[in-house]
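The transmembrane segment annotation in TrEMBL covers 38-57, 93-109, 153-174, 181-199, 211-230, 360-382, 388-407, 419-438, 458-477.
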């Protein structure tokens, strides 16, 4: 057997992923684009339904209030997605509800001045108005950091070594929303997981009229099949004598969304009343805004690779963060009950379908806005059991994590310095939030429990986010350990030209503003 030469087994680093037929600025035919956009809409329903399902009952709201919050969250998600894809980073990302806001929002819900209101609906309205006020105030943080270019300046400290743990933890850190949720209803979740992997990977080469239909539309096909299967089990009485937890996770008729939804309802600003403002509550929400900023930065890095685009320059990253701050402001004005961030699952779907087209995401935003106004139709799709989404998350979150690991190709992974930074950052990024989670589950409060509620929210929120912990550890170590001697090892020569908009000729193609707006807002 002939000796294998090193150059025959090595793969040169590439800023753009290969094998994408449609990238960020190329579009599939309209028929395909509409179905692909509908897939992204279906996937976004998981978070849009789950967050209000958790928070609204704690606020004192009933099923009708929950449906209206779901509609509002989807409506604003559509608007924010359009704004971000048109004027922000211009990457194909869905800007949806964020779990990072749950901890400080629960602190607002448990505030004695609100929790003591005896009437449930009045308590819901007063709590929602307090959340709105806190979101409106705290949105200024991202707006300032974005449009002042401060976040872009800070991003110049990011290297491939530093960003690898952050993007990887974006996927790895969401493991609790994967198979642990699938296990709550294995008879639905496991078939969904297996079917999705088989159709999207093993049978992806099956074509109809030269279209790899199973690869591109596997999510739509799998959800339809398993949802119908779940409906048969529900109608056949399979869960008639099951435990309450099993019925909530398996039955298709437990959400009470369709019966509670109005036929037509258009969300509008201040629909719950005039927001109320409290300094302590606003400071608490700021911690979630910072977490959202870090998680979105990691998502933009991942989305750029999965859209076959170049890494977003510092100016573009700042512009996106600024528009995301406006998105949180809209969350506060409309009353979505939570703030916004980039949807990780929708980023993963770009890789699963191998379609990174911006137009597809804009079409999905149109579906969000349309179905949020037609309450009954939107509620029909929103009644899909969350177990089905969790099965898909097992694949899509893993894809995003793998994209983070792919940044290592730009670095020297024979360097003990780099191995130390990546290993310690990923381990602490998983271990520290797990400690905060277990402590909270055992003590029913976070590890930070001082008399200053806003300080507690800061610590408990920030250190419960794997990407945020990973960023703090990785960026600190990467910029303090043997920096001068490790310039090449860090991979900075590969990313150097992407720090400025004019550093690479492809940036103009991917990130220029529409309608010739670059004439009035020239990039840095």
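Quick reminder: no glycine exception, Cβ is built from N, Cα and C everywhere.
Scored by C-beta pairs under 8 angstroms, the transmembrane segment (388-407) has its highest count with 153-174, from the stretches 38-57, 153-174, 181-199, 419-438. Using a Cβ-Cβ cut-off under 8 Å and counting only residues 6 or more beyond its ends in the same chain, the transmembrane segment (181-199) has close neighbours at 214-215, 218-219, 221-223, 225-226, 229-230, 233, 245-246, 249-250, 385-388, 390-395.
Long-range neighbours of the transmembrane segment (93-109) within the same chain, counting only residues 6 or more positions beyond its ends whose Cβ lies under 8 Å from a Cβ of the stretch, are 40, 44, 47-48, 51, 54-55, 58-59, 73, 77, 80-81, 83-85, 115, 127, 130-131, 134, 281, 284-285, 287-288, 291-292, 295, 299-300, 303, 324, 327, 336-343, 346-347, 361, 364-365, 446, 453, 456-457, 460-461, 464-465. Sequence-distant contacts of the transmembrane segment (153-174) (same chain, six or more residues past either end, CB-CB distance under 8 Å): 294-295, 297-299, 301-302, 314, 317-318, 344, 348, 393, 397-405, 407-408, 410-411, 418, 421-422, 425-426, 429-430, 433, 465-467, 469-471, 473-475, 478-479, 489-492, 494-495, 499.
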